[in-house]
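Q: Here Swiss-Prot flags 172 as active site, drawing on sequence analysis. Feature annotation from Swiss-Prot assigns Zn(2+) binding site to 171, 175, 181; the stated evidence is sequence analysis. Sequence annotations record features per position, and here Swiss-Prot assigns disulfide bond to 122-272, 144-163, 348-382, 355-375, 362-379. Swiss-Prot lists 80-273 with the feature domain 'Peptidase M12A', giving sequence analysis as the kind of evidence. Summarising the annotation, Swiss-Prot assigns domain 'ShKT' to 348-382. Sequence annotations record features per position, and here Swiss-Prot assigns signal peptide to 1-18.
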């Protein structure tokens, strides 16, 4: 009796996969000689997009990508920031070509994002000229992903069907310009808590840090409002938070456009001729609930005042947010997050640099003693 069902499954699934593969194959054929670009009609359509069309339902990049990173690195390359001139786009000029598989509405979304870069920064997305070897190809390749900064030859920015949303396009293009995610900053532990126990094991490497010696934040403070900041549930294996801001009234990961700090960093990276002074708040004014799995209800975070910092300070002495005294206590059984008002011990440091790899097993009886000795900070033992 099961045979007919088996036959149905075998005949239906390959057809679906075959369609997806054909689209991908078509894109790969187009990449090599594409010169198609946005036109005046696309930009006119972009100006007519409604707020709902621009800022409607947002699907996190990691969900679209099935919990894979949206940053793709060349083989053998380590994760590092962009501070060397060779990784920047010369003269802030990004030659590009786009896939013919985008609909008029999708082309309008791309045009809107490009227009924002042109209006707020000196970055210029320019149509690729025939025979130009180094350029950005924007197409429906496989999910949402980009390399960081400029690479040689044809560079792919994949914006597939699930990625065609304004905020996602702005986010991915900022990777193209040269920036990693905000939560990967070397100083992130001063501003967010990583809840390792709640992170999907296959995504632990998404919470590494960018090497300070190989990146620059151009004197800008940690930015909770950055378009490049993931949300509190990013890569969660159990629906509970994977990272939380130390400023308890702040929210992360719900940006729908550039923050002021995003724009400031881009303009400083590319030495844009005009840059306005920016004051960046370190906390959101909104009152945001945190889900508590133990009580199955929402518990509100208490409000605290906003703090602002002058963005004119130089890169040698970057402005820093006041580091709150609260520390996090995480239940090993449920993933529940609570705040502890006591200051963490100044001696609370990991003794090795790879604690993240086994952070989801901190309280496993087999390695508990080793983890408590080598990784007390990551495991929240102190």
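Cβ coordinates come from backbone N, Cα and C, glycine included.
As the structure is a computational prediction, the values presented were derived from the model and not from experiment.
Describe each of these features in terms of where it is and what it packs against.
A: For residue 172 (active site), the same-chain residues 6+ apart in sequence whose C-beta sits under 8 angstroms from its C-beta are 61, 70, 144, 145, 146, 157, 159, 163.
In the three-state DSSP assignment, the secondary structure recorded for residue 181 (Zn(2+) binding site) is coil. Long-range Cβ neighbours of residue 181 (Zn(2+) binding site) (same chain, at least 6 residues apart, Cβ-Cβ under 8 Å): 71, 228, 229, 230.
Residue 272 (disulfide bond) falls outside any helix or strand according to DSSP and counts as coil. Just so you know, the Cβ of residue 272 (disulfide bond) picks up 16 other Cβ atoms within 10 Å once every protein chain is counted.
DSSP assigns residue 163 (disulfide bond) to a helical segment in the three-state reduction.
DSSP assigns residue 382 (disulfide bond) to coil in the three-state reduction, placing it in neither a helix nor a strand.
DSSP gives residue 375 (disulfide bond) a coil state; it is part of no helix or strand. Here residue 375 (disulfide bond) comes close to 350, 351, 352, 355, 358, 359, 362, 381: these same-chain residues lie at least six apart in sequence, with C-beta atoms under 8 angstroms from its C-beta.
DSSP gives residue 362 (disulfide bond) a coil state; it is part of no helix or strand. There are 22 other Cβ atoms within 10 Å of the Cβ belonging to residue 362 (disulfide bond).
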Q: Other than its own, how many Cβ atoms are within 10 Å of the Cβ belonging to residue 175 (Zn(2+) binding site)?
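A: Summing over all protein chains shown, residue 175 (Zn(2+) binding site) has 22 other Cβ atoms within 10 Å.
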Q: To which of the disulfide-bonded residues 144, 355 does the lowest count of other Cβ atoms within 10 Å belong?
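A: Lowest Cβ count within 10 Å among the disulfide-bonded residues (144, 355) is 355.
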Q: Including all protein chains shown, what's the count of other C-beta atoms within 10 A of the C-beta of residue 122 (disulfide bond)?
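A: Result for residue 122 (disulfide bond): 17 neighbouring Cβ atoms inside 10 Å.
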Q: Which state, by DSSP, holds residue 144 (disulfide bond): helix, strand or coil?
A: strand
Q: What number of additional C-beta atoms lies within 10 angstroms of the C-beta atom of residue 163 (disulfide bond)?
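A: There are 23 such Cβ atoms around residue 163 (disulfide bond).
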Q: When DSSP is mapped onto helix/strand/coil, what comes out for residue 355 (disulfide bond)?
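A: Residue 355 (disulfide bond) sits in a helix per DSSP.
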